[in-house]
Amino acid sequence: MADYSTVPPPSSGSAGGGGGGGGGGGVNDAFKDALQRARQIAAKIGGDAGTSLNSNDYGYGGQKRPLEDGDQPDAKKVAPQNDSFGTQLPPMHQQQSRSVMTEEYKVPDGMVGFIIGRGGEQISRIQQESGCKIQIAPDSGGLPERSCMLTGTPESVQSAKRLLDQIVEKGRPAPGFHHGDGPGNAVQEIMIPASKAGLVIGKGGETIKQLQERAGVKMVMIQDGPQNTGADKPLRITGDPYKVQQAKEMVLELIRDQGGFREVRNEYGSRIGGNEGIDVPIPRFAVGIVIGRNGEMIKKIQNDAGVRIQFKPDDGTTPERIAQITGPPDRCQHAAEIITDLLRSVQAGNPGGPGPGGRGRGRGQGNWNMGPPGGLQEFNFIVPTGKTGLIIGKGGETIKSISQQSGARIELQRNPPPNADPNMKLFTIRGTPQQIDYARQLIEEKIGGPVNPLGPPVPHGPHGVPGPHGPPGPPGPGTPMGPYNPAPYNPGPPGPAPHGPPAPYAPQGWGNAYPHWQQQAPPDPAKAGTDPNSAAWAAYYAHYYQQQAQPPPAAPAGAPTTTQTNGQGDQQNPAPAGQVDYTKAWEEYYKKMGQAVPAPTGAPPGGQPDYSAAWAEYYRQQAAYYAQTSPQGMPQHPPAPQGQ
């Protein structure tokens, strides 16, 4: 600071010396006072500056002291210089900044949505797992690939590439997958089993609508027509590739969780759950046997074997239906064996034995309708056309209910022959005798009266009793079991084979027929080589004469289809040794046959058709037939009753 003590005082004037001296002393005092105050101010200013500069006394300040100015010991002053971690921090930071890299990576443009995911979930997961930052270009510029910028260490960039490749490979179009017309749209078709198409669609289409809303795609179930053909149906999914893939997984999950049995009882077997399936063909009319009354039999098989059994839908034109068994292979095989044993026990109850008695059925081949009482049988009946609706019901509910209650299968023959009466409809009941009786009872309750039985009208050859229209009795001996071959409907006059009038359905008579069948004596050895059906004829007449309360002929050995005469063709002569006279049997047969013949044309009762001409032609054919099959002629039959 300036030293004001060297400043000379101001000079005084010469005039008024004494007074001037007194005035000069007053000025000096004022100057001294001002100088003193200036010094005090300067001292005060200098003291504040010294205090701020000496801020180290308070432990803080605006400027750090050099390490050398510190009052610490020398050992502590040297320690930071020997710290290896501290000395390495700057190089590590510089190395890290040098290792971060940015690389451009191309991905398919159609897979961008799949990579990003809903709400960015997929790309966030990739960045978190790889530690790499991913930036996708907003568009591809019309190119098939889009650029992605990957930023991170070389390891993280490689990890991100690997994850991206996995996602692209997973979302790569599968068979049936193609890009749609719209930008970024894709179409994929997956096959839905026919039995689960309704599950995917839902009631009124609600399920498929919910799937479309949840996945944000469009779904269409493709089928050729409204009829159910039993074939798998393609489900077409259209939308963003990622959403299409999600929708596909949702559909498969729906089928897995709700469409069938989980674990060992998975509905689709190897298609989804890894289980396998077996298809077992079942004769159409035997489906009711496998299902059982109210489904009891099929439930028992499923529970015992631990599988799922379903009948595949079909168009009803094949003679068999396919039972699909799904589950583990060993259990599927076990269930198939159970079903096969069930059918075999019903079919082969008495292999080669007689067919059901009481219906005059004499087939020369084995079939499902042959076997002891309790096996599968068939009963045909006709009802007026006006009462058909009472049996079928609205939407088939009545006939389904009767079938479920009785366990029998009931069918309306929809393709009658041209000569059928248009005012009558033919129904067929198939099942066990008990099931048929119960179904017949339920049907009669529905129509308010008895049904009109109709024997199976298929003509047969010489092996058997006089055809399906003969009097009640066991048919000719059957051969080993043959394929199921239902007889066609033919209500017209019988064919060239010998037939009699229709016989009433009498299932209760079957039990009485078999003892006589088994008790008959073997035929004459001399005739055994020429007539293989002699035993059948013997049983027939034994049963027939027992029903008529007449003694059966002694030692029967032949049938009318073979040489039965005395060698002269004359009924008046006694039969030679070893021959049997069946005159009485034929008389009784034609008496019964005549009772069933319609009235003459002149007065048809109740408008019934007159079959006199048909019966006359039938007798002529019968005579010609026996003349051909019998080398010595046939017995002379009594004249036909009046009106024939």
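Cβ from N, Cα, C; glycine included.
Look at Swiss-Prot and you will find 14-27, 350-365 tagged as compositional bias 'Gly residues'. As annotated by Swiss-Prot, compositional bias 'Basic and acidic residues' applies to 65-77. Positions annotated as compositional bias 'Polar residues' by Swiss-Prot: 81-94. Sequence annotations record features per position, and here Swiss-Prot assigns compositional bias 'Pro residues' to 468-505. Per Swiss-Prot, domain 'KH 1' is recorded for 100-164. The annotation domain 'KH 2' is assigned in Swiss-Prot to 185-251 on the grounds of sequence analysis. Among the features that Swiss-Prot reports, N-acetylalanine is placed at Ala2, with the record citing a large-scale study or a structure entry. According to Swiss-Prot, the feature phosphoserine maps to Ser52, Ser55, Ser140, Ser630. Residues or ranges marked as phosphothreonine in Swiss-Prot (evidence: a large-scale study or a structure entry): Thr153, Thr432. Annotated omega-N-methylarginine per Swiss-Prot: Arg321, Arg359, Arg361, Arg363, in sequence order.
What Swiss-Prot annotates, mapped onto the structure for a quick look.
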residue	record	Cβ neighbours (10 Å)
Ser140	phosphoserine	17
Thr153	phosphothreonine	15
Arg321	omega-N-methylarginine	20
Thr432	phosphothreonine	20
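Residue pair Thr153 (phosphothreonine) / Ser140 (phosphoserine) shows a Cα separation of 26 Å. Under the three-state DSSP scheme, Thr432 (phosphothreonine) falls in the coil class. Here the Cα atom of Arg321 (omega-N-methylarginine) is found 55 Å from that of Ser140 (phosphoserine). Mapped onto three states, the DSSP output places Ser140 (phosphoserine) in coil. For the pair Thr432 (phosphothreonine) and Ser140 (phosphoserine), the Cα-Cα distance reads 73 Å. Residue counts for the domain 'KH 1' (100-164) under DSSP, helix first, then strand, then coil, are 32 helix, 20 strand, 13 coil. Across the domain 'KH 2' (185-251), the prediction's mean pLDDT works out to 82. Counted with DSSP, the domain 'KH 2' (185-251) comes out as 32 helix, 18 strand, 17 coil.
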